[in-house]
Amino acid sequence: MTKITFVDVTLRDGNHTYRHQFTPQIVSATAVALDKAGVDIIEVGHGDGLGGSCLHVGRAAASDKELLEAACRSVKRARIAILMLPGFGLFRDLEMAAEIGVSVARIASHCTESDVTEQHLRRAKDLGMFAAGYLISAGMATPEKLAEEASKLESYGADYINLAESQGHLVPSEVAARIRAVRKAVKVPIGFHPHNNLGLAIGNILAALDEGATYVDGSLKGFGGGAGNAQTEVAIAALRRAGYELNSDIFGIMDAADVFSREVAPQPMPVIDNDSILMGYANVYGGYVHPIKHAAERYGCDARELVVRLGKRKVVAAQEDVVIEEAQKLASERSIAVADMS
């Protein structure tokens, strides 16, 4: 059966849920446990990737360097990865990461804008890193468009293409169509990064693997943006049940999940609540859970109406200003409606 490379993103995507407050201690303890469990690649950093710590999307509790050093010191076998969005992350950030010992760079862009990754992918390769082209919000583009963008990433030197279904919006047949189209367009391996807003993360992984994907992303306890990622320990059990070959040990990954839970206690684990369901349904990026709730409270508007508005605007990552703008519009419209009734 096909060998699967498992990428655990708890210590990067999970930082969204923890409001970017992961410490070197949390990173170290979790990385040790993931390494013991046989996870192949451990992604670490600010929720928005290398260089992401800023007022616009959230200040981190520790620097990229501190978190990456903690991770690299803590593993014996697993490879440490970073996610990088050009514009947040700079060449010097990549160089710092490579010098510390990070060996995997996942260079990300919105799913229709892979052109912006070319220089960063080439620089990562020059630094000797294993480089992935990472397409965010894959549910916002057609299979044909994703295939076109994936071909560009391959031409830039990407070692594999990762499709991130960032909103938890797609159903298995839609995931299969996208992986199938990309598979026909490129020769490099394909990976898949699901979210669980509609409870379909594991099913979507299986659909992706059926169409030839060989890299899978997950997070311990599902700790990630929105309703969370595919739960690593569930994914590994399901993949083994389906007959796929993995390096990860089921008991070990359960132990790692317990270690992580203790490190972030009393932080609750992600659940599929009403807001998350609506965000998945409306195709809104999961990293906006907290900004939407805060904006709704601040401006006295209905968070559900705000989610629907953002879906219609087709917001993408790092557009927190649009969340505020739409919340203000809703509040203003509500005030006018109340005034008209009086």
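Quick reminder: no glycine exception, Cβ is built from N, Cα and C everywhere.
Feature annotations, reproduced from TrEMBL:
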type	residues	note
DOMAIN	4-254	domain 'Pyruvate carboxyltransferase'
SITE	Arg12	site 'Transition state stabilizer'
BINDING	Arg12, Asp13, Ser166, His193, Tyr285	substrate binding site
BINDING	Asp13, His193, His195	Mn(2+) binding site
ACT_SITE	His16	active site, proton acceptor
Where His193 (substrate binding site) sits in the secondary structure, as DSSP reduces it to three classes:
strand
By Cα-Cα distance, the member of recorded positions Arg12, His16, His195 nearest Tyr285 (substrate binding site)
His195
Check the DSSP secondary structure of the residue listed as 'active site, proton acceptor', expressed as helix, strand or coil.
helix
Same-chain neighbours of the substrate site, Cβ within 8 Å of the mean position of the Cβ atoms of Arg12, Asp13, Ser166, His193, Tyr285 and not counting those residues, run in sequence order as Val9, His16, Gly47, Ile136, Ala164, His195, Gly224, Gly225, Asn229, Gly286, Gly287
Over the span of the domain 'Pyruvate carboxyltransferase' (4-254), how high is the average pLDDT in this prediction?
96
Count of other CB atoms lying within 10 Å of the CB belonging to Asp13 (substrate binding site):
31
Counting across all protein chains, other CB atoms within 10 angstroms of the CB of Ser166 (substrate binding site) number 30
Residue among recorded positions Arg12, His195 with least C-beta crowding, 10 angstrom cut-off:
Arg12
Residues close to Mn(2+) site centre defined by Asp13, His193, His195, Cβ within 8 Å
Val9, Ala164, Glu165, Ser166, Pro194, Asp217, Ser219, Gly224, Gly225, Asn229, Ala230, Gly286
Cβ atoms within 10 Å, counted per site: which of His16, His193 has the most, among these recorded positions?
His193
Round to a whole number and give the Cα-to-Cα distance in Å for the pair His193 (substrate binding site) and Arg12 (site 'Transition state stabilizer').
13
